[in-house]
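Peer 1: Below is the structure I would like to discuss, written out as C-alpha cells.
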Amino acid sequence: MPSEVDTKEAREVNRQSLVIDEEKSASVAPAPANEQREVVTPALQEGDAPATSNWEIRSWYLYYIGANGLALFNFGPTAFQNLLDQAAGDSGLLYFAGRARDVNSIVLLANGMSFAIQAALFLVIGAYADFGTGRRWVLLVWSVIAYGIGFGWLGVHDAARWKVAAGLYIIGLVAYQLTLTYWTAAFPSLARNTAHLRASRAAYEAGEITQRELDGRDEMERSRLSNVAFWIQSCGEIAILAVIVGIMFGLRVDDSPSNNNWGLSVLVAFATACWLALSIPWFVLEKKRPGMRIPPGRNIVTVGLWQLYEALGQIWRLKQSLVYLAGYFLLGDSLNTTVTVIATLQNQVVSYNTLTLTYLLIVGIGAQALGIGGFWLIQKRFNLSAKTMFNAVMVFIVLLDGWGMVGNWTDRFGFKNVWEVWLYQAYYGFVVCPWYSYSQIMISSVTPRGHEFLFFSVFNIIGKASSFIGPLISSAIIDATPGGQNNSAPFYFLFALSLLSALGIWAFLDLEKSAREQEAFLVEEKERVYGEDTAAVKEKLASKPATSRTTSTSTRVVTLDPDGAMGGDVLVRPSVRLVSSMENHPRTGLLQTQFAGTPAPGSFTRLLQFGMRHNVSVHNVGTLKLCWTHNTITRIGAFRRHRMLPFQTERLRD
C-alpha cells in the first residue's frame with residue numbers, strides 16, 4: 001500500500017479488537033444498544049392484529065376434523081359413480097354434455113368442469129380476499145354451500161337421478177376444495193400471532209436473537225399448527241369411520257343395491273353433520289385480523305383484477321417461490337397420478353364393497369395419524385427444518401414409484417397381490433401422507449406475508465392442474481404397450497418424474513433465501529404501490545447477509561465487493577472506515593458474496609465466474625485465494641492473518 005495513505009486509524013487499532021476466537025460456539029452476543037431492528041410486514045390496514053388464543057387454535061383444529069373429506073371427497077364420488085354404473089346398464093353409455101358417453105368419460109368430464117369452476121373462483125376470491133377484513137366470510141359461505149350439498153345427497157339415491165348426482169358431485173368438489181384451501185390459508189397468521197412468536201419478534205427487535213433464530217421459530221410454530229391439525233384430524237376421522245361402520249351394518253348395505261345406494265347417501269349426510277357441528281366453534285372464536293390496505297386509486301371492485309395483474313408482473317421477483325411452485329406442480333403431478341394408477345391395479349386384484357372400502361380407509365388413516373405424529377415428534381425433538389422433513393417425504397414418494405415399477409418385471413410384486421393392497425394403505429399413510437401437511441408448510445414458507453389467500457389459491461390451482469396431465473400421459477403410455485394392457489408401464493415415467501422433481505427441490509430450493517426475497521418484495525411493494533418511504537428499511541435489509549447459513553459469532557456485517565479490486569487505501573480511508581468499524585464493533589464480520597479477483601481473460605473462465613456468482617459463491621481473502629463456499633462470514637481472525645496490508649504487520653504484532 002502506498003506510504004502516503006493516511007493510516008492513522010489502522011495504527012491505532014487494538015489487536016484484541018480484531019480477533020474473534022474461532023473455536024467459540026455459535027452463541028450470539030447482544031446487538032449494540034443503539035441498533036434497532038424490525039420485522040418486515042405488508043401494508044396492512046390500521047389496527048392491531050389480536051393475539052391468537054389457545055381456544056382459537058383448538059377451534060381451528062376442530063374444523064379440520066369435520067372437513068376430513070369423507071362427505072364430498074370420498075363417499076360423494078363413490079355414490080355418484082355407483083349411480084352412473086346402475087343407470088348405464090349393459091350398454092355402459094349415458095347421454096351427457098351433448099352426446100352418449102361411457103361412465104369413465106362422464107366422470108373425467110365432470111372432474112374437468114369442477115376444476116374449471118375451481119380455477120376461476122380461486123383466482124377471483126384469492127385476489128380479493130387478502131384485502132380488508134372479510135376473509136373469514138369466504139370460508140363461512142362456502143362451508144354453508146358444502147353443508148347443503150352434503151345433506152342434498154339424502155334425496156339422491158336412485159339411478160334415475162344420476163344427472164342430479166352429477167351436479168352435486170361437481171359443486172361438492174368445488175365447495176370442498178375452496179373450504180379446505182381457505183381453512184389452510186389461515187394458519188400462517190394464526191401461528192405468527194401466538195404469544196410465543198410475538199415474544200420472539202420482540203426479542204429480535206431488541207437484538208436478543210438473530211434473524212435466523214426468528215425464522216426458525218416462525219417455521220417451527222407453523223409446523224406445529226399444521227402437523228398437530230393433521231394428526232388430530234386423522235384421529236377424529238378414525239372415530240367418525242368407526243361410527244360409519246355401525247351405520248352400514250344397521251342399514252344392511254350388503255343386502256341389496258338399493259340398500260347400498262341409500263347407505264352411501266346416509267354416510268355422506270352423516271359426515272356432513274359432523275362437519276357442521278365441528279365447524280361452529282371456529283366461526284364463533286375466529287378473531288378478525290386486518291388484511292392488506294386497498295392501494296390508492298383502487299376500490300374494492302377493481303382491486304382484485306389489479307392484484308392479479310400485479311401478481312403476474314411481480315411474481316418473477318420471488319425466484320425461490322417459483323422454484324417451489326415448479327417442484328410442487330411436478331411432484332404433485334407424479335403423486336396424484338401414482339395414486340390413480342395404483343387404484344387401477346388394485347381394482348384388478350380385489351373388488352370393493354362399501355364396507356371393505358371403509359376398512360381400508362381406517363387402516364390408511366390410522367397409519368396416517370402415526371406417520372404425521374412421528375414426523376412431527378422427530379422434527380421437534382431434533383429441531384429439524386420443514387424442508388428436511390419434506391425431503392424425507394420426497395424420498396418415500398420416489399420409493400413408492402419404484403415399488404410399482406417392479407411390477408413391470410414380475411407378477412409377484414408391484415401391487416399385484418391382495419396383501420400389497422393392505423400394505424400400500426399402511427405405507428402410504430405412514431410415510432407419504434405427511435406430504436399433505438409439509439407441502440402446505442412449504443407453501444407458507446414461500447408466501448409473502450399478507451398474500452396468503454392469493455398464494456394458496458394459485459398453489460391449489462397448480463395442484464389440481466397436475467391431477468389431469470399425469471393421468472393423460474399415463475393413459476397414453478398404457479395404450480402404447482403391447483396389447484395396450486400393461487397398467488404398470490406408467491411407473492417408468494412416474495419414477496423418473498418423482499426423482500427429477502425431488503432432486504430439483506432438494507438442490508435448488510433455499511427457504512432462507514426465500515425469506516429475504518419476500519422481505520425485499522414487501523418493502524418494494526410498500527414504496528411502489530402505497531408510496532411509503534422505505535429508505536430506512538431498505539438500508540437495514542442491505543446490511544443483512546445474503547443468507548444466514550453461518551455459525552459466525554458476528555452480529556454486525558461489513559459487505560465487501562471484491563469486483564472493485566479493493567486496495568488497502570479503500571480499507572482504511574475515512575469514507576469507508578472499515579478498520580474503524582471493526583474497532584468500534586469487535587464482533588463485526590466481513591461478508592464476501594461474489595467472485596473475488598480481476599476479470600477473467602478467457603471465455604471459459606468468464607463463464608465459470610458467471611456460474612459461481614449465480615450458484616456457489618467464492619471468496620478471496622488475501623493469500624487464501626479462491627475459497628469454494630456458500631456465502632460466508634470471514635471472521636476477523638482470518639482477515640487479520642491473511643489481510644493485504646503487509647506493511648502493518650509489525651504494528652499489529654505489538
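Cβ coordinates are placed from backbone N, Cα and C, and glycine is handled just like the others.
Pulled these from TrEMBL:
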type	residues	note
REGION	1-38	region 'Disordered'
COMPBIAS	1-14	compositional bias 'Basic and acidic residues'
TRANSMEM	61-83	transmembrane segment
TRANSMEM	103-125	transmembrane segment
TRANSMEM	137-156	transmembrane segment
TRANSMEM	168-191	transmembrane segment
TRANSMEM	228-250	transmembrane segment
TRANSMEM	262-285	transmembrane segment
TRANSMEM	322-345	transmembrane segment
TRANSMEM	357-378	transmembrane segment
TRANSMEM	390-410	transmembrane segment
TRANSMEM	422-441	transmembrane segment
TRANSMEM	453-478	transmembrane segment
TRANSMEM	490-509	transmembrane segment
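Neighbours and distances for these, please.
Peer 2: Packing against the transmembrane segment (168-191) from elsewhere in the chain are residues 49, 52, 56-57, 60, 63-64, 67, 69, 71-73, 76-77, 80, 110-111, 113-114, 117-118, 121-122, 125, 129, 135, 138-139, 142-143, 145-146, 149-150, 152-153, 156, 197, 218, 221-222, 224-226, 229, 286, 289, 440, 444, 447, 449, 452-453, 456-457, 460, 464: each is 6 or more residues past its ends and has a CB under 8 Å from a CB in it.
Residues 74, 78, 223-224, 227-228, 230-231, 234-235, 237-238, 241-242, 244-245, 248, 384, 389, 392-393, 421-422, 425-434, 437-438 of the same chain, all 6+ positions outside the transmembrane segment (357-378), place their C-beta atoms under 8 angstroms from a C-beta of that stretch.
Residues 184, 187, 219, 222-223, 226-227, 229-230, 328, 332, 335, 339, 342, 346, 360, 363-372, 374-375, 386, 389-390, 392-393, 396-397, 400, 415 of the same chain lie 6 or more positions beyond the ends of the transmembrane segment (422-441) yet place their CB under 8 Å from a CB of it.
When Cβ-Cβ distances below 8 Å are used as the criterion, the transmembrane segment (453-478) is approached by residues 111-112, 115, 118-119, 122-123, 125-127, 129-130, 135, 138, 177, 181-182, 184-185, 307, 311, 321, 325, 328-330, 332-334, 336-337, 340-341, 443, 446-447, 484-487, 489-490, 492-494, 497 of the same chain, each at least six residues removed from its ends.
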Peer 1: Mind pulling out the one from 61-83, 262-285, 322-345, 390-410 with the most Cβ pairs under 8 angstroms to the transmembrane segment (137-156)?
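Peer 2: Counting Cβ pairs under 8 Å, the winner is 262-285.
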Peer 1: May I ask which of the stretches 61-83, 262-285, 322-345, 390-410, 490-509 has the most CB pairs under 8 A with the transmembrane segment (228-250)?
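Peer 2: That would be 61-83.
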